[in-house]
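Okay, structure first, notes after.
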Amino acid sequence: MAFGLLQMVLILFLMFSYTYAVAEEQNQQSKQTYIIRMDKTNMPSSFNDHSQWYAASLESVSDSADMLYTYDTIIHGFSTQLTAEEAESLEKQPGILAVIPEERYELHTTRSPKFLGLDKADDTLFPTVEQASEVIIGVLDTGVWPELKSFDDTGLGPVPSGWKGECEVGDNFNSSSCNRKLIGARSFSKGYEARNTDIITQKESKSPRDDDGHGTHTSTTAAGSAVEGANLLNYALGTARGMAPHARVAIYKVCWLGGCFTSDIAAAIEKAIEDGVHVISMSIGGGINSYDKDIVAIGAFKATSHGILVSCSAGNGGPTPESLTNVAPWITTVGAGTLDRDFPVEVSLGNGKNYTGVSLYNGKQLSDSLVPLVYAGNVSSSSYGSLCLNGSLNSGKVAGKIVVCDRGLNSRAQKGLVVKNAGGVGMILANTDSYGEELVADAHLLPTAALGQNTANAIKAYISSDSNPTATIGPAVTKLGVQPSPVVAAFSSRGPNPLTPGILKPDLIAPGVNILAGWTGAVGPSGLDDDKRHVSFNIISGTSMSCPHISGLAAFLKAVHQEWSPAAIRSALMTTAYTAYTDGETIKDVATGKSSTPFDYGAGHVNPSAALDPGLVYDVTVDDYLYFLCALHYSPAGIKSITNLNFTCDSSKKYSLEDFNYPSFAVPLNTTSDERGGNSAPSKSVKYTRTLTNVGTPATYKVSVSSQDPSVKILVEPESLTFSEQNEKKSYTVTFNTISMPSGTTSFAHLKWSDGKHIVGSPIAFSWT
């Protein structure tokens, strides 16, 4: 009987435990992370400090929630996990500016110095080692692999006196991991762990240690020390160095295997500002939100107000229009172009035809003998068989053959592994409509050639028409001097600006395709678990790679012109960028094979040697950014949510985007109809105002304008500006007279000021909706 009672108690206990566990799981599942924006000026007098007020506010809606982070630099407030009901209740309390749901951001994944002309530039304009080593670049990414030679601190003096950061100790990372080059490292995981429970310690380190490779690649692109004999699997052999090889690096790990979360990103930006960095580089992006809901924009504003330039990747959503991210005007938004280096590989078919693709495979090659060739869609029972997804291929039909796989869904290298595991001996990676002629090289695990859509279609046609199709794939090589270059990468996100059409984005493009830079020792160059190769450098592509080029070049300029504001540095990079090749042809877009436009490249491709001496700059102050927000009709509360400043727009003043002092011009226009229903409405006149600051010698600049469309009349007044001293400012107006055009029409022009030595250029983009 005692045994039966004990059984009953045990059963009831188990039932209760199960019910509790289910309820707790459901409760946790219904919660998500929110960033709570507080108005410190509204703190009740009953509290001694803000942390007590924050805690009390949280306890009033949840007795179980803890604060993940408290913020006091870019915003005032905290982050925590709440149910939707708790968040709604909290938002109604006095002193709460906003309750913002956390978002998951994603990564936007050396030939560069020579291609950018830094080897031929007038080095009298370059910073000295002493000047350059005073600049600190903060990189928010996946962490760092500190043992690389790219972080060698030989020749560098003591850490700059203004540095207030630290070298955080954690898994596989200790204080000795930092030196006079890598001067600080931190990690931020509370938001990630709240969303994904615990970090998987077998796969990722709870520390600044980079288990992915992306962060090491971006940080060494920006500021890696010179390393002779750098290469990936004997490709791209040469001396690798970052854009600012003598600058210091501080790492802020905010991205993990499960993504990058905004509560962690906000905490990292706060620390970067407090630590004393001069440039922040973020190859990270999410969706488009209004500025008061965009944590990266909010953090970047505060950094900019502290004199820190923030460089962000434009995104890899191209060539789709309006695919940009990170579009705030206080962020330098960077698209991607190509270098003049490629890695060609020959594909020979049984019908005697030869085609050229790209690859970075360097293992055992196929023999010269032809082997059977099949299309993945014909050797799979899956409806998506042509994509070579995991487990989709019939090994009996693949063994010993080269397989043509369509690009899309899974990674390019993963497709090769699928072919290899099914017994295939090689892969032809075929571009589809979505990728066109864009070629990206990868460190594949079997002989591979990536081909553009046209050649891939020709090979598919051969397979369909021949009863016994065969092929072989030769070895890849490194080829320099590839032309035309640069071209805009197909994946590079495009304008028009989806949030503020009156601001042209991206700002400019920089090298972002097949970039060689440092790599982690935790994973092979393909990033696949099956890839056991260990390399010190890797070649990867994305606007993630172009962003740190600009971050490093911004540090380069900051070292020479320490007094320049972030806006002045961005202006110098933009107004000296080029939009055409030496023969006068406009930079091509690889997605279309045609000329690209300012919606693709912004102001153009960066030209660092010219940016060192731009002549004139378009400067922007914090007040100008506030007036910009007024022009967008933000309320005082909305402005405070973005800037952390108490500012009320003057109701008697007219605020206009046309007067915002940006180095480029975006002119959004409405399509109108006449009484007959046509689009031949009378012309419309729009006037823009700009102010130039002289950062060079006294000179007189004259203006010239070139327009793609003669129906658009452009009048600049005055037509010349004379500067007699440095830092002198002169304003001008541009009047655009246009007629209505069909919705979706675009047109472009270019305005430049020149004194005979300097060219200060600005793109102009018209769009009708």
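Note that the numbers count up from 1, one per residue, in the order the chain is shown.
Backbone N, Cα and C atoms are what each Cβ position is placed from, and that goes for glycine too.
Curation plays no part in TrEMBL annotations; they are all automatic predictions.
What TrEMBL annotates here:
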type	residues	note
ACT_SITE	Asp141	active site, charge relay system
ACT_SITE	His214	active site, charge relay system
ACT_SITE	Ser544	active site, charge relay system
COMPBIAS	198-215	compositional bias 'Basic and acidic residues'
DOMAIN	33-108	domain 'Inhibitor I9'
DOMAIN	133-602	domain 'Peptidase S8/S53'
DOMAIN	372-459	domain 'PA'
DOMAIN	659-765	domain 'Subtilisin-like protease fibronectin type-III'
REGION	198-221	region 'Disordered'
SIGNAL	1-23	signal peptide
Please give the sequence-distant neighbours of the compositional bias 'Basic and acidic residues' (198-215): residues at least 6 beyond its ends with Cβ less than 8 Å from one of its Cβ atoms.
107, 109, 139, 141-145, 168-173, 177, 185-187, 189, 192, 251, 253, 255-257, 283, 519-520, 522-523, 527, 538, 540, 544
Distance check, please: Cα of Ser544 (active site, charge relay system) against Cα of His214 (active site, charge relay system), rounded to an integer number of angstrom.
8
Find the average pLDDT over the domain 'Peptidase S8/S53' (133-602) in the predicted model and report it.
95
Under DSSP, is Asp141 (active site, charge relay system) part of a helix or a strand, or is it coil?
strand
Let me spell it out: for each of the active-site residues (His214, Ser544), count the other Cβ atoms within 10 Å of that residue's Cβ, using every protein chain shown. Which one has the most?
Ser544
Cα distance (Å, whole number) from Asp141 (active site, charge relay system) to His214 (active site, charge relay system):
7
Which ones in the same chain are close to Asp141 (active site, charge relay system), with CB under 8 Å and 6+ residues apart in sequence?
Leu107, Asp210, His214, Gly215, Thr218, Ser219, Ile251, Tyr252, Lys253, Val254, Cys255, Ser281, Met282, Ser283, Ile284
In the domain 'PA' (372-459), how many residues does DSSP assign to helix, to strand and to coil?
27 helix, 22 strand, 39 coil
